[in-house]
Amino acid sequence: MSRPIETITVVGRDAALWLSALGLQRAYGKVGVKVHAIELPSLLQPNDVLSTLPTTYGLHGLLGIAENNVFRFAKASYVLGQRFAGWSGSRPPFMHPYDSTGTNFGHVDFVHFWQKAQRAGMNVPFENFSIGAVAAAQGRIADLRESATPFSKAAQGFNLDAFSYGQLLKAYALKSGIAHSQGILEKVDVAEGAVMSVTLADGTRHEGDLFVDATGPQASLISQLDEAGPDSWDHLYPCNRMMVMAGAPVSPAPSYSHIQAFRGGWVGMFPLQDRTAIVAVYSDDELSDEDMTQSVPVLSSVPVSGDAVVSSLNTGLRRNAWVGNCVALGEAAVMLEPLDAVSLHPLHTGLSLLVDHFPAAADAMPQARLFNRKFAGHMENIRDFQLAHYRLNQRYDEPLWDRAREMETPERLAYKLSTFKATGQVPLHDDEAFEKENWTSIMIGHNHLLDQYHPLVDGVPDAELMQRFQAMLKFIAEEVSEMTSLSAHMELYAPQKPRSSF
Amino acid sequence: MQKKIRKIVIVGGGTAGWMVAAALAKTLGTHHHDIVLIESEMIGTVGVGEATIPQIALYNSVVGLDEAEMMRETNATFKLGIEFRDWRKLDHSYFHPFGFYGVDMGGISFSHYWLRWKKAGGNLDYTKFNVETEAARDEKFLRTNDDNNIYMPSVNYAYQFDASLYAKYLRMISEKRGVRRIEGKIVDSAQNAESGFIESVKLENGQSVTGDFFIDCSGFRGLLIEQVYKAGYHDWSSMLPVNKAVAVPCAKNGPPLPYTRSTAREAGWQWRIPLQHRTGNGYVFSGEFISEDEATARLMNSLDGEPLADPKVLKFTTGVRKKSWIKNVVSVGLSNGFLEPLESTSIHLIQVAIAKILAMFPGDQIQTGLVDQYNEEMHWEYDHVKDFLIAHYHVTERDDTPFWNYVRTMEIPDELKRRLETFRNRGETLCHKSELFKEVSWFAVLYGQGLEPTGYHPVANSISEDDLKLRLAKIRSGIQDRLNGMPSHQEFIDRYCAANSLMSA
């Protein structure tokens, strides 16, 4: 006779803990499942930043968190895209917007028409045909008028101060009625391939029908069960160090993150309300931590303050994120680079999968296999998106970047890249975090162009094509002018300092 | 029998005289009308660094002035409004901008929506919804007259210039258009025995200048309007008690600010008007509350640059002639009345008089109906500016000197009382359509002086809270976009109208 899940014990820290606990409480608390959050000491450093995609809206919706509160209390800023600079030699930076670009003419994708015009000498970058990209470049937030919605689905993610965001989530979680303990994890009792209980340093022992491991990279619970351990992806990424710093805020507030490639890796600038969070990802083959510290102010061109926090950077996927009665969520399950704003995406994915595949019984959880396969597929797709930046770089004669192009390329990624080049199509799989327009944007942005455009393109007379392009650009300019600026939004929704003069 | 009006005699030069001359020469022309201006080099003009309000652009365009040339010739800077320091209380400052707060919606002014939002806990100052205030803060300027962008607010401005150079510039233009200037000091006048009309004025050298229509720009003394016709004077000094001013230019201490500053002092207020090459300063005070010597010493001690001349003292009585037009004499400028330059209205009142004279300009005969109308309208203009000025003094928290205790507690006109009460209750200013200072100005000054409305117009509740926030954010976006595209005031002057340094030396 099987017994339903009565208690979920979530062990973890920071955002992962509170998101998991709150998400499960919201989903299953109403049918009587008790959620118990066991809070371990934070591993956050003072300047840590989370950079998220527009899907965060869905996550917050699931959790019942008001966007304005996130904006207000997490020192947050809105981001409509990522700007990549210096990834392709001397070519100008490009914006990867969270939006489509251009409109199809008939059944043929816009990119084909653009490429024809570009070959014929038109000097308008691809991104200029995207409301999201133009809006990001002009510091707007994604409040489209109705007239723009058939053309654009511009959306925004958040940059979040990791500590403040964690505090906000904690407040929401505690208010939701979960049980809460805190302490230092002393022991994880495992028997028959399942977690029996966890013991804290104060001697208290906590049981549960289902355990969630939200302990971050330490993977304190799942590592007791997952004998295989995570698959390392370190051989796919060229960098192995990470540094976090704080820079002065930029005014007017940009609504994009800036990802600057340099000889030894890249430096990301993530605007927040009170600062520009800076994250450098680099290889110790190319430069020491000390050299990196000195390079950051030059590369970021904002005044930098405070200490640099350095860590080693490892990537990899735990193929058995769910073993027995223990599900790893967040960094306990997968480690990615802090590129492409996927800070919360793995956690969101895992949490959604767990909610969808919630175990019916406490003593047997066959869903684990399905969960693991889906989760792994999803993470591989994100990984491939990150790797595409490296593989497509055009920084020649720099060892790190030459290596980044030549490193092993997962088969599915290789297929995406070659298919796009040959046909302009993006072969998508199930569980893709990034869609066709995202892939198209970064491939064109990195100058990975089509070998030939679609034959139907020539059916549109050149004069008509130019006319349509111009109409599109004019439309975009008007729509973007009507969008709210991030600075204005910040003033209205974030705490203001009192003014000093008139 | 009246003579046909062919010869117009302007009595006195200065800003008023030459503004009249240039406007008449342009609009009436010098073919059908003989326009003569009599002035004496011996009589100084009261021209100091002077600030204007945006309406001057209308005068300039009627006269056909080229803005950049005019600014070069008068060492002019742009003016976005006035900063009022220490008026509400010490260490407080507010800005009275040209232009608008936000965008009016649903037939009521933006300020009501802002008041609603503030009551609901909104934390962004209303001043952030005015582009001129923001630009003034950042010392930026841009001329947006030819810019048709509907997403960004346009920038409203006036000038700060050397009024004596402005008069000189207008003189040059007037003379080119055929205005005759006669040098000389007027010592007497002759009236028609029957009609009482002035027929001629007599100069010190014995010369007699005849005329059909006389415009009295002779300054405070009112050579014809008062000395001949005894027009009488409404004395407003019980409500506007300042009666002296001491003025001095000083060296500039940095790039000129795109605004005028008025700092409340112990017995009046002090102006600071930045020009391209120097800064004009003056302390307007009440002789009843501070001596001339002390006021002068206080002014000299507060300069932010080396004084460039000896301080000059002026005396005046605030008020207006009971009649501005009598028979064939119209008084314009100081001869017609005096209102302290707290809101830079001196030149404007000249301009209003000119516009009205032109509108009612007599053909063959002077119609008494038009004369009465003119007198009523001019009085109305002065009277409403007067109320606005009184509000600056009366609505205050200052109680640190006898002067401020007097103005804070003095009796004020009933119409003004009603306005203050209505503003306190629901943020409305009861402005007349034709009033010079509109709702925005009254809001800026009353709120700035510390009168915070407890309510607002009920129509402001008609939109949803989300919609309100969205609109506020849009308005701010437009303002920020505008600001981001503005160069510094100095940069703009350098490329648009930098004065010739040889002339300004």
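Just so it is clear, glycine is given a Cβ too, placed from its N, Cα and C backbone atoms.
TrEMBL entries are annotated by machine, without manual review.
B:K79 (active site) carries a strand DSSP state (E or B). The active site annotation in TrEMBL covers B:K79.
In the three-state DSSP classification, B:A16 (FAD binding site) falls within a helix. Proximity of B:A16 (FAD binding site) to non-local residues of its own chain (separation of 6 or more, Cβ distance below 8 Å) is seen for B:C217, B:V332, B:G333, B:L334, B:S335, B:I350, given in sequence order. What TrEMBL lists as FAD binding site is B:G13, B:G14, B:T15, B:A16, B:L334, B:I347.
For B:K79, the entry in TrEMBL reads 7-chloro-L-tryptophan binding site.
Taken residue by residue with DSSP, B:E343 (L-tryptophan binding site) is part of a helix. Around B:E343 (L-tryptophan binding site), the same-chain residues six or more apart in sequence whose CB sits under 8 Å from its CB are B:I53, B:I82, B:H96, B:V385, B:F388, B:L389, B:F437, B:S441, listed in sequence order. Feature annotation from TrEMBL assigns L-tryptophan binding site to B:E343.
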Most crowded position, judged by CB atoms within 10 A, among B:G13, B:G14 as binding-site residues: B:G13
B:K79 (active site) versus B:G13 (FAD binding site) - Cα distance in angstrom: 26
Other CB atoms, at most 10 A from the CB of B:K79 (active site): 30
Largest inter-residue Cα distance among B:G13, B:G14, B:T15, B:A16, B:L334, B:I347 [record-listed FAD binders, Å]: 14
Other CB atoms within 10 A, centred on B:T15 (FAD binding site): 22
Cβ neighbours of B:L334 (FAD binding site) where a neighbour is any other Cβ within 10 Å: 24
Spatial neighbours of B:I347 (FAD binding site) that are distant in sequence (at least 6 apart) but have CB under 8 A: B:T15, B:M19, B:E50, B:T52, B:I56, B:A163
